[in-house]
Amino acid sequence: MDIAALREEYTRHGLSRDDLNVDPFKQFETWFKQACESQLLEPNAMSLATASDQGEPSLRTVLLKYFDNQGFVFFTNYESNKAKQIEENPYVALLFLWLPLERQVKIRGKAAKISTAESFRYFTTRPRGSQLGAWCSEQSSVISSRQLLEMKFEEIRRKFAQGEIPLPSFWGGYRIVPHYFEFWQGRPNRLHDRFSYTLQEDNTWEIHRLSP
């Protein structure tokens, strides 16, 4: 299969310095709303890159659950590989890719666990099946079969058949506090528009156009 000729010409939008908000969180919010309004499949899907204390990288897709000017929050099992790497090295990167809009956003920052109370508030909004799934999945561990996983799900479902399902002690959220944003807009002839925001010591953001 010849994949060398697979390419698209990006022609939808341009991005100039005058288009940008001085606040990268507000700029992200604008683009995120446009991605949602375009009815893209899971516009909150983001690639999360972590690395161990030995520098070995890992990458996976997780779902952004909310964000504000304090950071970007996702939820996971605190015993998963990603959580173990964050414990060793809290510096991570995010990537949002919205191909139909010919856009991507890259974010670098530091991850930290949110409070149990904040995790609990989100956990109570999850569908009951997702709450049960959090209890029965020992994320990233080796299992012998899917049947074993489904049997454990039924066991947990019976255990919590009555009343509310409690928050697992091993499950919760992380907040990624950014120190760098990059907004990328595809353009014709691969002359893409790229702008970076870098956090300064006085908590202002320095904006630069980058070569594509």
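Backbone N, Cα and C define each Cβ position, glycine as well.
When other Cβ atoms within 10 Å of the Cβ of Arg7 (substrate binding site) are tallied across all protein chains shown, the result is 8. As annotated by Swiss-Prot, substrate binding site applies to Arg7, Glu8, Glu9, Tyr10, Lys65, Tyr122, Arg126, Ser130, Arg190, Leu191, His192, with the evidence given as sequence analysis.
Counting only same-chain residues at least 6 apart in sequence, those with a Cβ under 8 Å from the Cβ of Lys65 (substrate binding site) are Asn44, Val73, Phe74, Phe75, Tyr122, Gly173. The FMN binding site annotation in Swiss-Prot covers Arg60, Thr61, Val62, Leu63, Leu64, Lys65, Phe75, Thr76, Lys82, Gln104, Gln139, Ser140, Trp184, Arg194 and rests on sequence analysis.
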Worksheet item: Looking at Cβ-Cβ distances, which residues of the chain lie under 8 angstroms from Lys82 (FMN binding site) while being 6 or more apart from it?
Response: Leu48, Thr50, Ser58, Arg60, Val62, Thr76
Practice prompt. Measure between the Cα atoms of every pair in Arg7, Glu8, Glu9, Tyr10, Lys65, Tyr122, Arg126, Ser130, Arg190, Leu191, His192, the residues the record assigns to substrate, and report the largest value in Å, rounded to a whole number.
Written response: 43
Worksheet item: Can you tell me the three-state DSSP label for Arg60 (FMN binding site)?
Response: strand
Worksheet entry | Arg126 (substrate binding site) versus binding-site residues Leu64, Gln139, Trp184 - nearest by Cα | Leu64
Item to complete: Have a look at the binding-site residues Arg7, Glu9, Arg190, His192 and say which one has the shortest Cα distance to Leu64 (FMN binding site).
Response: His192
Response to the item:
Between the C-alpha atoms of Arg190 (substrate binding site) and Gln139 (FMN binding site), the distance in angstrom, to the nearest integer, is 40
